[in-house]
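J.: Just dropping this structure here.
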């Protein structure tokens, strides 16, 4: 089933969780999350950290348990799988890029044909490396901004 984890994947998540849970109490608090994110170059305010925790903290205790962490990981995985399916639907020739022609055909297939200028603008907006087509990373970045 989409979003489900294998025992090996769950073990990897447990290892990652334990690395962030520096006091070993079985939960991740705002201080631990902040330190882990800071190590990756992301500095979040206390309010941002609390908001991030609240999005995962289903029991409302202000901390993330391993079960809450796993639930969030499964949701993220399912979202990623949906994104990959959407990209493949647009990348009709399977070469890893969406061209203007593929976008035109896909939009027409969805019953939403668009004028050439709008198609060109959509590709230009998403095309970070300016090669005239959109790769998966550019596609994901574009959707994350919406």
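We count from 1, first residue shown onward.
Backbone N, Cα and C define each Cβ position, glycine as well.
What Swiss-Prot records for this protein is below:
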- 2: N-acetylalanine (MOD_RES)
- 8-43: domain 'EF-hand 1' (DOMAIN)
- 21, 23, 25, 27, 32: Ca(2+) 1 binding site (BINDING)
- 44-74: domain 'EF-hand 2' (DOMAIN)
- 57, 59, 61, 63, 68: Ca(2+) 2 binding site (BINDING)
- 78-113: domain 'EF-hand 3' (DOMAIN)
- 91, 93, 95, 97, 102: Ca(2+) 3 binding site (BINDING)
- 114-146: domain 'EF-hand 4' (DOMAIN)
- 127, 129, 131, 133, 138: Ca(2+) 4 binding site (BINDING)
J.: Under DSSP, the domain 'EF-hand 1' (8-43) has how many residues in helix, strand and coil?
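T.: Its residues fall into 23 helix, 2 strand, 11 coil.
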J.: Out of 25, 57, 59, 129, 138, point to the one nearest residue 95 (Ca(2+) 3 binding site) in space (Cα versus Cα); all of them are binding-site residues in the record.
T.: 138
J.: Other residues near the Ca(2+) 3 site, CB within 8 A of the CB centroid of 91, 93, 95, 97, 102?
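T.: Output for this site, in sequence order: 90, 92, 94, 96, 98, 99, 133.
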J.: Compile a sequence-ordered list of residues in the same chain as residue 32 (Ca(2+) 1 binding site), six or more apart from it, whose Cβ lies below 8 A from its Cβ; state 'none' when nothing qualifies.
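T.: In sequence order, the residues whose Cβ lies under 8 Å from that of residue 32 (Ca(2+) 1 binding site) (at least 6 apart) are 20, 21, 22, 23.
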J.: So what sits near residue 131 (Ca(2+) 4 binding site) in its own chain, CB-to-CB under 8 Å and at least six residues off in sequence?
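T.: Non-local contacts for residue 131 (Ca(2+) 4 binding site): 97.
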J.: Including all protein chains displayed, how many Cβ atoms other than that of residue 21 (Ca(2+) 1 binding site) lie within 10 Å of its Cβ?
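T.: Residue 21 (Ca(2+) 1 binding site): 22 neighbouring Cβ atoms within 10 Å.
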J.: List the same-chain residues at least 6 positions away in sequence whose Cβ sits under 8 Å from the Cβ of residue 102 (Ca(2+) 3 binding site), in sequence order, or say none.
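T.: Result: 90, 91, 92, 93.
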J.: By the DSSP assignment reduced to helix, strand and coil, which category contains residue 91 (Ca(2+) 3 binding site)?
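T.: Reduced to three states, the DSSP call for residue 91 (Ca(2+) 3 binding site) is coil.
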J.: Count the other Cβ atoms sitting within 10 Å of the Cβ of residue 59 (Ca(2+) 2 binding site), across every protein chain shown.
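T.: Result for residue 59 (Ca(2+) 2 binding site): 10 neighbouring Cβ atoms inside 10 Å.
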J.: In the same chain, which residues outside the set 127, 129, 131, 133, 138 have their CB within 8 A of the centroid of the CB atoms that define the Ca(2+) 4 site?
T.: 97, 123, 126, 128, 130, 132, 134, 135
J.: With an 8 Å cut-off on Cβ distance to the 57, 59, 61, 63, 68 Cβ center, who else from the chain surrounds the Ca(2+) 2 site?
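T.: Going along the sequence, the neighbours appear as 27, 53, 56, 58, 60, 62, 64, 65.
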